[in-house]
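Feature annotations, reproduced from TrEMBL:
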| type | residues | note |
| --- | --- | --- |
| TRANSMEM | 12-32 | transmembrane segment |
| DOMAIN | 28-168 | domain 'Rhodopsin' |
| TRANSMEM | 44-63 | transmembrane segment |
| TRANSMEM | 79-99 | transmembrane segment |
| TRANSMEM | 120-142 | transmembrane segment |
| TRANSMEM | 185-206 | transmembrane segment |
| TRANSMEM | 218-236 | transmembrane segment |
Amino acid sequence: MPQSKDYGRTIVVQSLSLLILSGIFLGLRLYCKVIRRRGFWWDDHVLIASWVSFVISTSLMIYEVQLGFGKDINEVDPAIIPKIGLTGTIYGLFAVLSATWSKTSFALTLIRLVDGWMNWFLWFLIVSMNIIMNLVIVFSFIKCTPVEKGWRASVPGSCWNPLVATYYNIFAGGKSLFSPDSTSLTLGAAYSGVVDLVLCILAWMIIWKLSMRTREKVGVGIALTFGIFAAAAAAVKCYARDEF
């Protein structure tokens, strides 16, 4: 008899690792501003809100794992599945907000360094990204009538064709969640990945024009280029959508 797979531990370790690393970087950023007596700006407040949302989403993910998320569905108590689905829906809300606000914060930081067409373009990215990504949240709550059917399949009612939400989410944003009406609910990839890539390119363009030593420019640029990995991950999710 094949041994069943349980990815719960892996999910928890990865989630906590990302939470701790992001918290360290945020803490260092805020610490530097405090010791240099530089007040917080909108990008700082938005980034703090993003991290708080990340804390909430990570906590919900850990709770989901405790309920049985990560195991083969045949090993999960059927009575618990609706609770996992509801928790996953709420998790998705905070996960999307965290991702959207982190990109928004980065764009706001760049806006402080530019003017002209680049300023307007960054504002376009911020507005369009927030609209597109937040629609993922809206759709997760209105795709079924009544709303409860979205996480409790036994409730009488109707839902959209699962492909409608799935393909929009692939277009929009970034994660995979269990859903009772399909194997997984992909919370996006394409547009979010494009925004990551564009912000990295713009950051390099801006940094290279600043009055800094080349070594410092390269160092800052490399740090900002980590967004390319997020864009690459998004591209993989689009290509291999059936596996996520």
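Backbone N, Cα and C define each Cβ position, glycine as well.
A quick note: this is a predicted structure, and the numbers were derived from the prediction, not measured.
Per-residue pLDDT, averaged along the domain 'Rhodopsin' (28-168), amounts to 87 for this model.
Through the fold, the transmembrane segment (12-32) approaches residues 40, 44, 47-48, 51, 54-55, 58, 61-62, 65 of its own chain, all at least 6 residues removed from its boundaries and within a Cβ separation under 8 Å. Applying DSSP to the domain 'Rhodopsin' (28-168) sorts its residues as follows: 105 helix, 5 strand, 31 coil.
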